[in-house]
Amino acid sequence: MSSGDSAFNIDTWLQQEVAEIGVPDASHASLAAHLHAKDNLATLRDKFEYPKNATLPDVDLSIVNPQDDSIYLCGNSLGLMPKATRRIMNEQLDKWGQMGVFGHLTQPIPWAHGDECAIEGVAALVGANPVEVALMNGLTVNIHILLTAFYTPTPTRHKILLESRAFPSDHYAIESQLRLKGLDPATSMLCMSPRDGEETLRTEDILKTIEEQGDSIAVVFFSGIQYFTGQLFDIEKITRAGQAKGCFVGWDLAHAFANVPLKLHEWNVDFACWCSYKVSCMVARVPEVSRGLSFMKVLDLDEGAAGYRISNPPVHLVVPVMGFLETIDNVNLEDLRKRSYRLTGYLEYLIEYVQGKECPRSASCLPIYGKMVMVQNGFNVSIDYIYKELVMRGVAVDKRYPYIIRVAPVHLYNSFIDIRRFVDVLIESVSIVEEKL
């Protein structure tokens, strides 16, 4: 993405840190504590409810300390709760109990307009103007709403370009939109796959496809960060290329929202939507639209993206948005992005070290994909066995059948010590599974 992502070199950074403490290499156990001590953003963790081993299901409390923090590396599936969210939620519940219907118009967070209290903060996270943002619905519902507005196929321009491994519900929504308009997905759904032997799409291949087939493409719809590989797409370049060929360009930013710096207004993105329960640790769903449409006056719609709302969201969905925005107030997203690079880079280094130096044979196939680490079991061992051992030791990750475990450090609350603990537990878990074979 056009945000300086390639400027930071993980290897150079790790070499500098290793030299500073005088250890042989970055696999040394003392490095994690050193990195943690230097981490200016480490205290952000204190603003979140962080699970203990004792509170996670299926943890074997005979082999871990119940009062120790768990190893929560599952923020790509559900972010942890900001402490501010509990306080704000209780304030609104008290308001309901104390004044009933009058809470609709009473500050703070009047329920009838509660979503408007969060608009400026959310808009800042995606680099949009407040009028370009609305809070509403679930992600897939919003994909349907936005495609209903932006996808207007003609006999010659009817295709939707997307990734071959788009998130399943995105794929289903696009296929549904095609069928609703009487089109055949086999001819109108253009799915891009990586080159043979590669895991991610090359930007030049995407641009080439748009250039060669753009006259038949009505909408380009990609994810900002690919959910399976962790690939970060170049939103600015792809948007510009699609629009140059007369296509609308939209984005599913489920894994990108509050994770990477976004400049949707500057990049002139046509439309985008995302969920907010992952890295951003919210529960409400938030879409963003960067171009308004002309509507019939009789509808009396709100200005900009708010015109897409079907109703105002309930306050219990607005509160987590407010809690998250309060938690990250005065935190620079660029600084968080740098921290994300360091956390993920340290994890990648340790996994690669394990590959070459210390791991049992089943762990010797551990590919690293993009900005998310996938732990792949390459032999005839069910991923369930390894996953079960991890869970028993207080590790929260998620699995994708048949052979993938996704490990996603979150820059808001995970630490370098979490990373080191995870890799140690991974080695132990794989060894135990090997012994049982």
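The backbone N, Cα and C atoms fix where each Cβ goes, and this holds for glycine too.
These figures come from a predicted structure and were not determined experimentally.
TrEMBL annotations:
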BINDING   Leu139, Thr140, Phe167, Pro168, Ser169, Asp170, Ser223, Asp252, His255, Tyr277, Asn312  pyridoxal 5'-phosphate binding site
MOD_RES   Lys278  N6-(pyridoxal phosphate)lysine
Maximum Cα-Cα separation (Å), residues Leu139, Thr140, Phe167, Pro168, Ser169, Asp170, Ser223, Asp252, His255, Tyr277, Asn312 listed as binding pyridoxal 5'-phosphate: 28
Chain-internal residues near Ser223 (pyridoxal 5'-phosphate binding site), provided their CB is under 8 angstroms and they sit 6+ positions away: Glu163, Ala166, Phe167, Asp170, Phe233, Trp251, Asp252, Leu253, Ala254, His255, Ala256
Which of Leu139, Phe167, Ser169, His255, Lys278, all recorded positions, has a Cβ with the fewest other Cβ atoms inside 10 Å: Ser169
Length of the line joining the Cα atoms of Ser169 (pyridoxal 5'-phosphate binding site) and Lys278 (N6-(pyridoxal phosphate)lysine), in Å: 16
Local backbone state of Ser223 (pyridoxal 5'-phosphate binding site), from DSSP in three classes: strand
Nearest-integer angstrom distance between the alpha carbons (Cα) of Asn312 (pyridoxal 5'-phosphate binding site) and the residue listed as 'N6-(pyridoxal phosphate)lysine': 22
Alpha-carbon distance [Lys278 (N6-(pyridoxal phosphate)lysine); Leu139 (pyridoxal 5'-phosphate binding site)] in Å: 12
